[in-house]
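Presented below is the structure to which this report refers.
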């Protein structure tokens, strides 16, 4: 009570490291596959658009800007319907995103992954 918590040190994720430590398609990481969502399905209406001006969507979070001033989160893929992912991809349900940074600096990806985990993704 009344004491301010010190922010914990962020440890970058290693290449191919998962949180939780299971692959994204497993039950423990993402739950059961519920089926592809198409524009004409009822579940499409449940998807929530994101209009955050701090995110650069490929079709051209503030935590990224705090970590690296002047750098923005760049989402390259979210909900998708084009069929180029594996059959039960979470992209078809709107439950997966592919992200990078606006400067496309791959050395930031481990910390970016950690930021995503810390923010509930």
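Quick reminder: no glycine exception, Cβ is built from N, Cα and C everywhere.
Positions annotated as Ca(2+) 1 binding site by Swiss-Prot, on the basis of similarity to another entry: 60, 61, 76, 77. Under the DSSP three-state reduction, residue 77 (Ca(2+) 1 binding site) is assigned to strand.
What Swiss-Prot records for 61, 77, 80, 82 is Ca(2+) 2 binding site.
Taking Cβ-Cβ distances under 8 Å and a sequence gap of 6 or more within the same chain, the neighbours of residue 98 (Zn(2+) binding site) are 75, 76, 77, 78. What Swiss-Prot records for 91, 98 is Zn(2+) binding site.
By the criterion of other Cβ atoms within 10 Å of the residue's own Cβ, the least surrounded of the binding-site residues 77, 80, 82 is 82. Within 10 Å of the Cβ of residue 91 (Zn(2+) binding site) there are 20 other Cβ atoms, across all protein chains.
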